[in-house]
Amino acid sequence: MAAAAAASGGASASLWSEVNRGGQNGDYGRALKSLNKILQINKDDVTALHCKVVCLIQNGSFKEALGVINTHTKVLSSDSIAFEKAYCEYRLNRIENALKTIQNASQQTDKLKELYGQVLYRLERYDDCLSVYRDLIRNSQDDYEEERKTNLSAVIAAQSTWEKVVPEDMGLQEATYELCYNTACALIGQDRLNEAMKKLQKAEDLCRQSLSEDSDVTEEDIEAELAIIHGQMAYIIQLQGRTEDALQLYNQIIKLKPTDVGLLAVIANNIITINKDQNVFDSKKKVKLTNAEGVEHKLSKKQLQAIEFNKALLAMYTNQADQCRKLSASLQSQNPEHLLPVLIQTAQLCREKQHTKATELLQDFADKHPEKATEIKLTMAQLKVAQGNVTKACIILRSIEELRHQPGMVSALVTMYSHEEDIDSAIEVFTQAIQWYQEFQPKSLVHLLLIREAANFKLKQGRKKEAISDLEELWKQNPKDIHTLAQLISAYSLVDPETAKVLSKHLPSSDTMSLKVDVDALENSPGATYVRKKGGKLTGESQQKEQGQGDVKKKKKKKKGKLPKNYDPKVTPDPERWLPMRERSYYRGRKKGKKKDQIGKGTQGATTAATSELDASKTASSPPTSPRPGTIPMAPVSASNVIPPRHQKPAGAAATKKKQQLKKKKGGKGGW
């Protein structure tokens, strides 16, 4: 700005001094005030306008700075202000506009090339970006070489992660934690997870070391800086299947409340993938972090796409059918060639038991995108299996030409046909696969493996005659394979005994097959133990030897069962004596004993005596008897007049009570 002040002779020298002083001290607000005063004097002062744009950029007012540039296009030439204009557009996330501004500049300065590399990286044009940074590192000599190498390593990591490009060795030394971190990301893209974890641990150590040297940096600042490294560590742990450890580390990072919205969105998305259809309440809370403002400018297209897919899946898991259909349809319109939105819609239809619509949706997508036919057919086969139509699923799988001969497909088809007890079709699958390998990859490991499995399957199913050709082929490939020869002889023994005898001559003799074992040495070895099968008394030295060694445990004699006291050996025991009495053939039920004068039994309001007297059958058969002395004959009464049992009093109860009172009074000392 000092040079700019000298160039503008018409403005007040004191104002330009203020501008210069503010620029050197970093007080750009004060400098802006002086510049505005200068522009009041001369509104078209090129130097003042340029300085004003710079001050606005330094203060973060990118939109206002771009407004000044667009307002004074006649005064500010595109070449002189190209970098500032492109930088404002870049910071306002107008990436395409920034690219055009840079490409239209007549002179490509180093700082413009630096910005060009950043723009290409944001546009995910990694090949062009790599070329720009290579040229900058090769042709520039200043203090920013370390930053350029860091950016170059970031481009290599992005290529490895998103484009699965194997990076070439650039000879970048991992002197800083940023370089080390980017190298770890590149290794993750190549699925070299253990090496990547070591690089991240090294990056963590370098970060702590570099930040601890600054006395103004607190432990919280260090942890905040390490958050992105720890997030990548948690991602590796999750890929290794240790989801609980990864979840714990993710939650620790969220508790730190990092300011990077991109990092928070990625961590929240990864937690949702761990939760799946469990803990959906937590997943709903985490989704809010993925919707934060500015996330779309921090993440790559594939990261944003993965987050949207997971939102649709979460809607399906939470039974939000309409929301799931809406999100998946939107994703399909944005990515018409992507299969995942269609699979999500299919899964949702299946949850609603609309299997026919799901199949039609898959078939329609397969007709439009023949290159995806294999994945579609696999999904359709899975739907048929879920519906229990295994035979139809087998037909669909066998229609996939490029996979019919693969061992995994053969195994699946044979298993499914075996489940349906269609052995002929299973053998046909083996035969077709073996023929393919016989034509294109004869005598390969997979070819011989399929022949072996086909032979074993046929033998297991009792198809020994059909297994003979496979066993002969295996024995031909390896004549020393005794196991195969034995199987072949066994198969021929039921089909052609003469051939079996001829083949048996190829078996090695029993002498060569016997194991040369020193039995005495084996018995005397420390690990050998001798257990006597039958208990018997030992006499003499052998008894002492056995007792001294303590190796043999005496068997306990079984006690003879006790016989019942009334046991008669001459009488044949009851064959049904072990059955419960109720289950025996001669059981006729228990006879109920007659208990007279049961109070409280039978129909409520009636006594046993009363019911017996009211029984017409009994009175008719037996003649009436005269009343006993001291009793009153009972008159026949209706059931409604019968006194309830609990209200009845035993005969002579009052007299008995009176006698007891008299005795008590007579013998009492106090008297009444």
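Just so it is clear, glycine is given a Cβ too, placed from its N, Cα and C backbone atoms.
If you look up TrEMBL, you'll see 227-260 marked as repeat 'TPR'. For 527-672, the entry in TrEMBL reads region 'Disordered'. Sequence annotations record features per position, and here TrEMBL assigns domain 'Signal recognition particle SRP72 subunit RNA-binding' to 533-589. What TrEMBL records for 553-563, 656-672 is compositional bias 'Basic residues'. What TrEMBL lists as compositional bias 'Basic and acidic residues' is 565-586. Residues or ranges marked as compositional bias 'Low complexity' by TrEMBL: 600-633.
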Give me the DSSP three-state residue breakdown of the compositional bias 'Basic and acidic residues' (565-586), ordered helix, strand, coil. 3 helix, 0 strand, 19 coil
Quick one: average pLDDT across the domain 'Signal recognition particle SRP72 subunit RNA-binding' (533-589), no decimals. 68
Residues in the repeat 'TPR' (227-260) grouped by DSSP into helix, strand and remaining coil: 26 helix, 0 strand, 8 coil
